[in-house]
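As structure tokens, the structure follows; a few thoughts come after it.
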Amino acid sequence: MDAAAAAPVLNGTGPTESPVPAAAIQRWLRAEGADPAAPAEEQLGLAWRLLWRAETRLGELERRRAQDMRDVESYVGHVRTLTEERDAVASEYEKENEQLRLELAQLQLQQETQLKEVEEMLEQEGLSQISCSAASEQVAYFLVERAALLRKLEVAARQLESHSGIDGLQFCREELEGEGALPAGVVGDVDEAPQRLVVSQEDIQRVAEGLDSREKSGAARTELQRAMEHNSRLDKEILALRARVQTLDLERKAFLELVEQLKEEICEYQRSERPEPPSAEGAGMASLQAQGTQEEAGADGDSGASRAAPYQERGDQGVETLHKRCLEAMESIEGRNSQLLHKLQKLEQEHKGLVERNEELESILGETQIQTKQEKQQLESQVEGLHQKITSLETELFEVQKNKSEMNGNEQMTSGAQEMQEMLESCQETIDKLGSQLGERRERRKQLASELELLREDLKAEKVALGSQASEVQQDREQSPKVEQKQEDPRADAKTYEEQMAKVVFLEEQIKNLREEQELLCSELLESNKKKEELEKQLKESSEEKRMLLEEIAQLRCDIRSAWEQGPSGDSRRMTPALEQRENRFLPWQSSAGSLEGSLKQGLSEERFQQQEEKLQQLRQDLRRVQNLCSSAERELRYEREKNADLQRQNLLLQQECTKVKTELKQARAKLLDTTETCSSLSAQWDRSQQKVKELELELSKCSQADKLRSSLQERLAQEKSRAGEAQKKVSKLQQKLKDSQHQLLLAEARVSDKKLLEEELKEARENEARVQQELHEEQLKRSLCCASSSCLPWESSGTPKPLLSPLVFPLDLPYP
């Protein structure tokens, strides 16, 4: 419209427009501070100055716009760097999640391999029924066997106390013979064990199916929780196994004590039942008896040894089998304990690695939160600066538009009422644009208010989280002296205490920063509300001014029509159609409306009409000169209008970029919310891991104590094993002595039987001797009678006595007494 209106003036081909009245130009110059009596050159200089000022203001506006563009570009680059950093952090989190999943898979594989090894060991030992069952059921099986052994030992102790001497030995032999029949109750318990194992396996399968369904529905967090629960279960089982090992050790000690008591009783019995050595008188008889009955004694000894050997072999085999089972059970339990300790060490190392990773992630998250807060503050400060710049630009635009309206008013005074109407239309368009811009700003303000409310909610949630963290920190402080008393290493305690104090300080700084940010946001909200109220007031004022101008325009039109209808002469009506058009097109905000009414009323008189025409001719000449000067000013104004249009386009582009930046900010805030949620979940996991770490530390302390006890018990076991070896050696010696003593007893019994035989033979020999002596005596009597009858005998002359008895001749078959 402006270009179309200015084209006839520049080219000189358009229709000649009626000049603007001189009175309006003079009034405008007076309003600008020029003297009405000053020459035209001074007036033109004043117009040039005004144009120069407008150009300088436009240059400043362009510079500010360039600075705003640079600020916006830097802001966009900063937002892009933030998004890149966020993507990098997300990729790192994903990598760590994958690593944790791989570690969980490795742990599951290790557990499966360990279970397979245990099954293979049980199958090798002939316990295939228990190989597929749980550890608790296997321990129950061993406990049943232990109960059976205890029963046997109690029965043996009672029988030893009730019986003494040979009856006790015979009872022991019978017990050893009936050892195969005793485990009948144990066999019943063992028969019941598979049924229990089947029931437990069904329960385990049900639990496994439930766990599979949960694993399908759950995510990585549930898997981590299950892994930690499984580790805790393993720890509990390890502790239970250690307690059972201790109980087995105690039972073994009691069993060894009972064995030693039995051995002592056997030794005492052997000492009390030892045969006395033979006397010197019976030495010859013993030798003869040995020579005479060697074969019979050998046969009897072989028969006794053959009778005693199976009992002893059975007893030895039973004791050896029991010792072997106990030793194998101890070795298997020790192997399991070593494996479980190795697993514990691995799990502790992995847990330490996880704790370190969690600490690194927390530090990274804290840094990112601090950076995001700083960036938010910077962005908010930049937004405030942009709002201030926009308000300053709006004020400058209002001033420029006012100046332009004034300049356009001058041009309309010179070029006609058409341009005045066009300027009115452009002003209305600008007012509408400003209204739309104000509406957009109100919407933006509403969006900012909603975002600030969201930020307040986030701050409240963070305050709640910080309060919980502070309470946890206080609890940690309260528990720290207890933990220091329980822990062994003072250096580790000092490190943990320092870390906790550093965390407390860091959390307090975060709380302070959040409070400061909340105060800043509140102040910003107050300022934004004040600015909103000011803009609303300006809108109301502009709307009221618009209404006033429209009312003045309507009144002026009515006054002009009434004045022309009341005019006396038709010539004046003919001379002033252009004036009527100009007056109909004047703006309502011109201050020259009253002066035009006076000039029109005065122009109705015929006398003054000629003077006005002369003045008009002079003014037209002056106006032509002014029009030549104003044509150049119009060119400059057109250039300025084009610049203003470019500026408006650039403002639109900036608004579009601002909308894009706002959308990116919304996305970044949503991502920040996600990161905060993940941080909260990680913090909760960290708290749980800390609790579990504390529990593990307590368990480790208990395990260390149990290890110490186990080491001491192992030492005692080694000593007892050495003692048991020595005792076994003594038992073997005692058994050999028992065998010798039994052999000697058998020999003594054979000798006694031989003695009885010899005594009977001696009696017979004595009877025979008595008979022979009687016979000899009779023969001697006979001989004496014979000799008496004879007259001379040789020994009667010599005086030697007669031999009464002849020398005894013993038979060779009789043994010497």
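Cβ coordinates come from backbone N, Cα and C, glycine included.
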Coiled coil according to TrEMBL, located in which of 182-223, 224-265, 518-559: 224-265
Stated TrEMBL location of coiled coil, expressed as one of 33-78, 79-124, 125-170: 79-124
Segment assigned the feature region 'Disordered' in TrEMBL (from 270-317, 366-413): 270-317
Overall pLDDT of the coiled coil (224-265), taken as the mean: 73
